[in-house]
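Structure, as structure tokens:
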Amino acid sequence: MPRPGTSGRRPLLLVLLLPLFAAATSAASPSPSPSQVVEVPGVPSRPASVAVCRCCPGQTSRRSRCIRAFCRVRSCQPKKCAGPQRCLNPVPAVPSPSPSVRKRQVSLNWQPLTLQEARALLKRRRPRGPGGRGLLRRRPPQRAPAGKAPVLCPLICHNGGVCVKPDRCLCPPDFAGKFCQLHSSGARPPAPAVPGLTRSVYTMPLANHRDDEHGVASMVSVHVEHPQEASVVVHQVERVSGPWEEADAEAVARAEAAARAEAAAPYTVLAQSAPREDGYSDASGFGYCFRELRGGECASPLPGLRTQEVCCRGAGLAWGVHDCQLCSERLGNSERVSAPDGPCPTGFERVNGSCEDVDECATGGRCQHGECANTRGGYTCVCPDGFLLDSSRSSCISQHVISEAKGPCFRVLRDGGCSLPILRNITKQICCCSRVGKAWGRGCQLCPPFGSEGFREICPAGPGYHYSASDLRYNTRPLGQEPPRVSLSQPRTLPATSRPSAGFLPTHRLEPRPEPRPDPRPGPELPLPSIPAWTGPEIPESGPSSGMCQRNPQVCGPGRCISRPSGYTCACDSGFRLSPQGTRCIDVDECRRVPPPCAPGRCENSPGSFRCVCGPGFRAGPRAAECLDVDECHRVPPPCDLGRCENTPGSFLCVCPAGYQAAPHGASCQDVDECTQSPGLCGRGACKNLPGSFRCVCPAGFRGSACEEDVDECAQEPPPCGPGRCDNTAGSFHCACPAGFRSRGPGAPCQDVDECARSPPPCTYGRCENTEGSFQCVCPMGFQPNTAGSECEDVDECENHLACPGQECVNSPGSFQCRTCPSGHHLHRGRCTDVDECSSGAPPCGPHGHCTNTEGSFRCSCAPGYRAPSGRPGPCADVNECLEGDFCFPHGECLNTDGSFACTCAPGYRPGPRGASCLDVDECSEEDLCQSGICTNTDGSFECICPPGHRAGPDLASCLDVDECRERGPALCGSQRCENSPGSYRCVRDCDPGYHAGPEGTCDDVDECQEYGPEICGAQRCENTPGSYRCTPACDPGYQPTPGGGCQDVDECRNRSFCGAHAVCQNLPGSFQCLCDQGYEGARDGRHCVDVNECETLQGVCGAALCENVEGSFLCVCPNSPEEFDPMTGRCVPPRTSAGTFPGSQPQAPASPVLPARPPPPPLPRRPSTPRQGPVGSGRRECYFDTAAPDACDNILARNVTWQECCCTVGEGWGSGCRIQQCPGTETAEYQSLCPHGRGYLAPSGDLSLRRDVDECQLFRDQVCKSGVCVNTAPGYSCYCSNGYYYHTQRLECIDNDECADEEPACEGGRCVNTVGSYHCTCEPPLVLDGSQRRCVSNESQSLDDNLGVCWQEVGADLVCSHPRLDRQATYTECCCLYGEAWGMDCALCPAQDSDDFEALCNVLRPPAYSPPRPGGFGLPYEYGPDLGPPYQGLPYGPELYPPPALPYDPYPPPPGPFARREAPYGAPRFDMPDFEDDGGPYGESEAPAPPGPGTRWPYRSRDTRRSFPEPEEPPEGGSYAGSLAEPYEELEAEECGILDGCTNGRCVRVPEGFTCRCFDGYRLDMTRMACVDINECDEAEAASPLCVNARCLNTDGSFRCICRPGFAPTHQPHHCAPARPRA
């Protein structure tokens, strides 16, 4: 018995068990009552039938009530308060002394708890602080709502539940679960154990284990009894406190002593292992790494799993899974090294005879972008946020490197856009690091240039290398997350040095009990997890044909195909289950289990597994299948400084004492500044804040506790103002002082003013004497006081005229002096005044000057050309410039004038602009001189330079022509006539009429039609003839006139090489046509044919093989040389041993298993035929195919073919007029005689020694490969179909592949709608499509409309709403898409389910409008449009039966656009559109699908079509395609979309989270305004790769344009200007 007053601690474990098979558990074993007690061996407990109150941590039990323990602030350590004013003394760690004690501490006998019990046990009471205590809940930051925002309830609560929070339903009694979808039975009294149960033992670590407090091993075992058909998942085991948690301190001491005595016992780990579906195999090589050894046990395991070498070279002391192994002596520290001279382990060096650890971090250069942390024998890299360890664990790389986002990779940038994508979507890292792609993604993101910082960020390993997520999965795993799996179906053999290990998950072993009794009560059908020992399902009643596993080993997908006598079955891998049809392994969606895993986090399903995404305040549990609350109160240092920390789910609370409040960051308590919160707290005083309180400091003149009382200083004695008047003021007083007195401010008395101390002082020139209230001035001789008596002023003695007789009197301060007047002055009234010489008598400066009087003299200002005498004032005289300057020289003479001068220039010269020089006259520019010659100016004259045949005239001012014929006489030209010409002459002959003399002396024909114009012949056409002309009828182009006056066609094809080597010229009336050979197309000039690059025009024609263009055709080259490309299946297969390459031929099975090719459809019943010796008659007739079809008469391959050409190729019958003679079988002697060389060869002229390959593509034209591309081979042919089609070997055409009919689900969780060449997926609300557009996922985070209203389920013929939904209100979208036909009190009608509005509102697809199929075929140019017929009823096949499982990229998706115009039958949609995807609809504008035939399914409710399906329209000229994309969404109201401005420059689309704006190209989304704003491409362009080369970038609305710089001109390359070439 424990002693009174002492307390101890023993562990109590709480296990939360969530049975996956709830009904079976409740049926087989009774649920325990809420008062059930967990029995711990060795601990006293009450009987199970007695109700027991268990108090929460921090509370004590008193009289069947739980009382909260209260401790003073700072009186107890954190979590050490045991009761009122009582602290819990710390207890040292208690190691286990013996196996019996160890078992008593960790072993539990347990029964499952009900959901109510689990909630009651985990619920914690949240205390509220009394009085002034502040209470803060720490939450993740959220956007503050504007005004009063109602609570959005996106959950649809079932069974009468009410949505009270965005993530919570308030469920009625007997129901539970997030959506109230689970039926939970009420509390039942305990019942005796039912025989036939199975006991499972789970061994796992404690979730909240702390070594410093608990002092026991962190591994515990839990025993659970459950039915054999139930599977139990233990999410976590926690330690909780209870009223019986008191022990004797002496018992603790004894246990501690016993533990020390047993220290030599072997170390063991309390864990048992058994196979389980989601665990690790023993071959994984990972185990627990233990940091401490306590009492014979390994304790304190590190989070996660490690290999033994990594553990022992680091901080571990022991390692193991089932048994604990001490680290090797050579892997420990320096004390463990025994051999003094032996080599040290890696990471150690010998110092003074011992091995010491090497600090690798001190050398530098390690852990790029991270922090290096030294460990024993090595080092580790700690990466900052946003970075991860790479596979070498020696550097940190950006998280963007392993982004799994995939998109198209473009190889060509052309005309400002992206083109030529590769065939599959890949990650940006693979695209750009391989340097194959130039841009990536739907927005055409340019790959960074090689060597740039952006390139090094996404390609840290350099060009040609990339990181995959699997390389970093071990390094980037969060603590507690599930490690990588090792499939149980593929066991591996451990090396000799490794040890078996188990995953960091609870393992269990099964203990069989007697068989349970059958329970007749039915239960819900829930999926059971697959068991590794399970051998396979039962053989289905009807399955595919036998031999499927040999023909198609991967028919089961993620599983193993097992042949059965009547078919096959599948053994599925872990995480997959057999499909309902029993023919495929499909993924098990663990997230849909009941109850779902990952609570309270979010579960994300993945193929074969799942993962948990935990919210803030939670962390992944040890099993990575749950989210555990983070106890922030256990942090070091603990939060809530100056207060008490209380943990809450996902956060924590700070309870602060009075005068304190929680800090803004919520991690501590801070003092409340009362002075700041209440500014007027102290009135006129100063508030001083104190820890937990405050006080007021009053200024002078105030008093009181809040400084509210004023002090009256005027009532004091003696009066404070002296001779002045005192006026009391608030907080002080004011003195009104008389003249001569002043106060120094409020509260200062009146004092005498010393005027003599002023600056400047009064009484200038005198002495100042201060008096009481005034002053006086004492002045010296010569001064007297002024009238105010404040200054001494000078006495002016010069006012007496007799002071200086005959002289001038000059007064000075205090005196005066007499002086005689200077020159230029005279005495006037006792003063000397100036004499004005300019106004007295004649002008002193003469007629050419201006007189200016000065003091005592004057000054003369002379006109130009005149100057005054120097040294004295006088009249202005003329200046002779000709004597003083070198004017008019050397071509003139200077002449002086009065006030100036003039130049007399020589002939040929004239005065300059200023008249001071003589300049040459340029006669050549002023007169028309030297006609027919060149005028050259000379100094003072000019001269004429005459051309040959000219001479100067008599006046030497012109050039005259020399008449050679007159001067040199008739002998100059002999017998011809001499004709003079300007500058020369010519000898001409006398020509006949209609001819004229040519330049070489010959007679040339005169073209009258050109010389006289078309008027010469009127309405006819003028045709020149030698010496004359004639008028002929006018013929059109391509025709020529006949001798009879008519027009006839010109045969351009007479020249056989007119159309080139790859075409045949066909003459047409008035024209011609070049018919190109296969693989060629007409050039722009129409005169020749050029090669067609099928690798660019036929996207995806080679599948995964490499497409190589050749002249007139193309090749599909397989990456592995032994393989060859099979065009019928689109795959590379081993080479066939047989010589035939005809479609449908069966090659021999290859040695290694490969992906099987598409087998031909099952043979249809053929018409009976009788043996025959040969056809009746010979010659050329019709060749038929598919003769067993009902319309066999229409199945004509070709006409005018021989019996051999038909039957030795692909024909099945030969004849005429539907009188068909069947071709002989290939194994018959008749066939061997007809076709001695086999199919595809003929014996020319009956010579069996020769053979000729038959070109089926040329012989049968487009009938042998309808809607495809036919390529001839030797022998046979290949038919290449576009993506989404396969070649039908009987119908000889490419037909649409119905992906929806394939065994592999095309749309997981949704409805599949097949389209021509592709398919689309649609989901029923509230499910939405994920990023792959092929899978429907839960939309838990979708934000619905705020406006709730009544939903009307029926609308009558008179538009009257009726039958409202009474259980709940709904939004407009919810009502129209799920429940009713009208919404709101105004009875707003919902859109019709076959309308565009309904499609856009509810995110569903509807059947297209039907129209006749457009006949297709590949002519010149190629067209898209396969003929649609009845669907094939056989086994469905797609382009690839199953995609390769290990490829790091996704197959190229089908064209997602609704109106994507297909200009070629293969490849992706056009990339000159703004976006790859748009949500307008599922069909293209080139053709519409045919009406559904037999077997075609439309998963829609039938209603009358109120509106036809809209046909797309071409955007108007000058408009953008983005505008047409937004048209289907323009009718969405702002209230529906939740966006106020309606997504300007974008369109409103529905996304899993609700609605958002999808911006057009050139715009980005501004999240603050939810509007699309223009992207300034010019500002965001990188300097290393400018947008405009040799040009200036100018931003425009939604785009940009380039303006070439001066000296540059635009080129054909977009946004690129080249130096302009100078014009010739």
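Placed from the backbone N, Cα and C atoms, the Cβ positions cover glycine too.
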- With reference to Swiss-Prot, specify which of the listed residues Cys737, Cys763, Cys768 is paired with Cys750 by a disulfide. Cys737
- Cys1235 pairs with which of Cys1208, Cys1218, Cys1223, Cys1257 in a disulfide, per Swiss-Prot? Cys1208
- Task: Could you identify, going by Swiss-Prot, the member of Cys669, Cys675 that forms a disulphide bond with Cys687?
- Result: Cys675
- Disulfide partner of Cys157 per Swiss-Prot: which of Cys169, Cys171? Cys169
- Query: From the list Cys946, Cys973, which cysteine is recorded by Swiss-Prot as disulfide-linked to Cys959?
  - Reply: Cys946
- Could you break down the residues of the domain 'TB 3' (1181-1235) into DSSP helix, strand and coil, giving a count for each? 14 helix, 18 strand, 23 coil
- Listed stretch, out of 710-751, 920-960, 1574-1618, that has the most CB pairs under 8 angstroms to the domain 'TB 2' (407-459): 1574-1618
- Task: On the DSSP side of things, how many residues of the domain 'EGF-like 6' (671-708) fall into helix, strand and coil, could you say?
- Result: 4 helix, 13 strand, 21 coil
- Per-residue pLDDT averaged over the domain 'EGF-like 1' (149-181) comes to what? 70
- Query: Is the domain 'EGF-like 7' (710-751) packed against any residues at least 6 beyond its ends, judged by a Cβ distance under 8 Å, and which are they?
  - Reply: 684, 699-703, 772-774
